[in-house]
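Below is one structure; the comments refer to it alone.
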Amino acid sequence: VEPGAAPADRCRMAAGTLPPCPSDSPQEFQYPPQNSPPAGGVPPATDLVLGATAGCLACFLTNPLEVVKTRLQLQGELQPPGTYPRPYRGVLRAAVAVCRADGLRGLQKGLAAGLLYQGLMNGVRFYCYSHAEDAGWTGYPGGTVAAGAVAGAVGAIVGSPAYLVKTHLQAQTLSTMAVGHQHNHESISGAFKSIYQQHGVVGLWRGVTGAVPRVAVGSAVQLATFASAKDWVCERQVSGRCAGSDATGPPRSFFWFRKGSWAAVLAGGMVSGVAVAVTMTPFDVISTRLYNQPVDADGTGKLYRGFLDCILQISSKEGLLGLYKGIGAVYLRLGPHTVLSLFFWDKLRNMVQH
C-alpha cells in the first residue's frame, strides 16, 4: 500500500494472512517536527508549563522502573562481580523484591521528588528548545542535536536538587534489602531540610557533575534518533494478502505501521531507546552513585571525588559492565517515557492552540 492510501487499504499481517481492513483509522499521534517552529506559535513560556506537565504525567506512569533502576545501579557498589549478595536480579524479579520489602507503594518511592524533578527539568528543557526553534538555530546542520543537548544540560542543573532527593528516597529500604548508602530521610521536605542544614545551598547541587552529561547526552541522542527511528519502522514492509482477497494472485507489500499511528510512535520510541540506553546508561550509573554516596561534614564525597574518579573506580573494581548496571530498566523506561511525554506535550499544545 502506497503512503497516503485510504485507511480502508491499510492492513496488518497476522499468521501469513491479513485480517479484514478496518473501516476507519485508529487514533493518531501527530509528532511535532523537531527542526521547525511548532504550528500555531505556542510561546516558549507556555511550552515551559506544558513541558513540565507532560513530564510529570509520564513520570507518574514510569516511576516504578526508576525505583528498580536505582536499586540495580547501587547493588554491589565498588565490589568485584560475584562477591556480594544480589537481592535484586533483573527487572521483573527486582520489582517483586521491592514489593516484598516495601509493599506495592514501594514502587512509587520518591514519586513526589520525581514529579518535581520532571517538572523543573522538562519545563526548562522544552522552554530552552522552544527558544532555539524561534531563533532558527535548529535549522542549521546539527542544530537540533546541539539545541537538545544544551536544553537538557540547563534543565539538569535546575532540577538537580530534586533528583538528589529522589535518588536518596528510592534507595531507602529494609536493612536486609538495602543497597548503597542509606540516608534515612522521613519525607521529601525532611530530605531537603536535612541536606540544607548540613551542607548549605551548595549541598543541594551535589552530584550535578554527573547529571549534566547524563541529560545532555540522553536528550541529544533522543532527538537525533527518535524521529528517524519512527520513520524507519513505517518504511519496513512485509508481504501478504488481505482477508477475502484472491489467494491465487501475487502477494502485496504492506507497511509494518501506518505513519502517525500509536503503534508507529511506540515502535519508534523503543528502537530509539536502544541507542539512548547504550549511550546514556554509563552516565546514569555515575549520576546515581554521585548523588547517593555518603559525604563528610564539608560535603566531600566519601567514595568518589568526582565524575572521572567515579568512572575509574567503577571500571577498575566492578569491570566495564559495572557501568551498565540497570540497563534493562533504563531501556524499558525510555521508550514509554519518551512516547508518553511527547504525546502529553502534543495533546496539551493542541488544547492551548484551540
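Glycine too: its Cβ is placed from the backbone N, Cα and C atoms.
Automatic prediction, not curation, is the source of TrEMBL annotations.
Over in TrEMBL, the protein carries these features:
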REGION    1-43  region 'Disordered'
REPEAT    42-135  repeat 'Solcar'
REPEAT    139-232  repeat 'Solcar'
REPEAT    260-351  repeat 'Solcar'
TRANSMEM  262-283  transmembrane segment
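The repeat 'Solcar' (139-232): residue composition by secondary structure is 74 helix, 0 strand, 20 coil, according to DSSP.
Computed over the repeat 'Solcar' (260-351), the whole-number mean pLDDT of the model equals 88. For the repeat 'Solcar' (260-351), the DSSP counts in helix, strand and coil order read 73 helix, 3 strand, 16 coil.
Taking H, G and I as helix, E and B as strand and the rest as coil, DSSP gives the repeat 'Solcar' (42-135) the counts 72 helix, 0 strand, 22 coil.
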